[in-house]
Amino acid sequence: MLLDLPRRSPAVARLLLIGPGIAVIGLFMLIPLGLMAYVSFLDRGAYGGVVWDQHTVEAYTSFLFERNLDDSLTFNTDYLQIYLRSFLLSLSTTLIALLVGFPVALYMSLAPAKWRNLLVFLVTVPFWTNLLVRNYAWILLLRTNGLIDQWAAGLGLIGPGESVSILYTPWAITIGLTYSFMPFMVLPIYASLEKLDFRLVEAAYDLGATRLKALARVIVPLSLPGIAAGSILVFIPSLGSYVTPELLGGSKGLMIGNLIQLQFAASRNWPFGAALAFTLLAMVLIAMVLYLTRFRKLPE
Amino acid sequence: MTIKKTLKTTLAALALVAVAAPAQADGELFIYNWSNYIPPDLLKRFEAETGIDVTLDVYDSNETMLAKLQAGATGYDIIVPSDYIVPRLIEEGIIQAINTKSMENVGNVRPAFQSPYYDPDLEYTAPYMWGTTGYSYDADRVPGGEVEDSWGPFFKPAEELKGQVVALNDVSELYTAAAYYLGYGRCTESATEAQDILNLLLAQKPYLAMYQSDGTIERMIAGEVIMHQQWNGAAHRTKMERPSVTFVYPREGVPYWADNLAVPTGARNPDNAKVFINWMMAPQNAAEVSNYTGYMNAIDGSGEFLDEALKADPAVNTPPEYQDRLRANTPCSAKAIDLRDKVWTKLKK
């Protein structure tokens, strides 16, 4: 009787089918996010944590304003500067990943079909190792008298005992992030290039296009969905990255991830940490919505 | 073997375990300690001497440990909290009174550790290891081969050291050192004093290669930098590989931290925990931990069991004339921490 219900009522059947999906989204996304949003409006506890029944917007006010000794507010760009730095760094990471990743994806899609799966497999190999281990590997490569210094000295680019000094600079963070997220760029582009009908490229040649022109006018526009997906997949995790800036950067300038971590640990200001995370989320969401609405207008 | 028979043997085995388990339970001890903070051989010796089975679990920060206990983890008999977090553990009822003063070996505890600010009567804790945060430099590569025993050479380095100095990427450690150099308290609530600290740190920043707490030992050994804010145990391990490295106890004040043995409220074997704590206050046992970790213990008479290299290194074996430079990391008010946080954000914006 009860088991018959889904078959007799399509509404119940639908509910049963969507149910698990909704439960997962609710359990693993909406509840934690809602909790974070709620915490950002609470008063901070003396030892960290929050006071559950004291509500305030102090956390959001202090993102933009500084409270003077006389309790008046002045505009404060400290946190905006940290956000701007993170955005710029993520942007350069995305650009470099695109410049390196696109040719790789193109090469993969042009390889004989029997090799393609092996190439895809090779791109994902770095994921077998923990992110932390891969970042430490970069420390060994980039450090003073590390492998890169030895190679540079061997090639005569730098004198003996000198160093290229990349580690603990923003460059090291960019290298580390680009390396970590490269597969996220390569795979979506490859997915869209693999479906590309290469007869269109031949047609472009027949119509007198040079190789560069065929690339710019035919291949790139047709792989735009992949490029967009790849860029988003690299840009967003870069923005919130914590381990790589912590290990490879010299920490002379804070990144968003490290700023948030600081609030939950040493500063014992959980509401502000939650507010910072939520502000980041809002910015990313707005950027995504703008980007996607603009994207959908492009011709298919 | 038939299924029925298998089932029978399994049941019999289970019954055996069930009978054996309670008998074994009074011979167990579950320790929750920092990683790499107790020599495995010492635990084996404890097992051999007392017949108590030890299980070790590890954590990486006081906050991790606290979060796990607050979330209701029971079954740990020993935890190793640092000084500043002890009052909170007591206040929230996470650790129980063990009355260390009544233990046989408590007489071995050095006078300086008989009445710590966080547990004045040693009612809840017993001292484990302690260390200081000063800075070290490579005597072969500083002008004059020596720097004065002050925070000055670290906060206002000589021109030759530009880009060769590293500060710990730890707001509490760096802010405290700067406050002491300027003659302020580490928990200052004065905005003008905080501004002075910020100015000092901003002036130091161009001279720094980086802010990094990770890999301090390797960086100094490899000679990547000349001066490094450092923990004394790390400085000792650096000196083992690069003997020209010297650890400085600045006269303006050196922050020190102390880790302690304590028993959580939910401990299943509190009596064994007390046996362990008493055992750890014996000079030879405490010395073995120091030999392993490179940090000093708080037990009188442990000196004769220490490795020669450790004993001979003033970085670890603090000379008596420097004792009055050590300052405890007392917890700060929310107001002081807000100021500290603002300074840090402005330093790194």
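Glycine too: its Cβ is placed from the backbone N, Cα and C atoms.
Curation does not apply to TrEMBL; its annotations are automatic.
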Which of B:Y84, B:Y117, B:Y249 shares the spermidine site with B:D170, B:V171, B:S172, B:E173 per TrEMBL? B:Y84
Filtered B:Y84, B:V171, B:S172, B:E173 - binding-site residues with C-beta under 8 A from chain A: B:V171, B:S172
Mind checking which of B:D170, B:E173 has the fewest other CB atoms within 10 A of its CB? They're the binding-site residues. B:D170
If you draw a 10 Å sphere around the Cβ of B:Y84 (spermidine binding site), how many other Cβ atoms fall inside it, taking every protein chain shown into account? 18
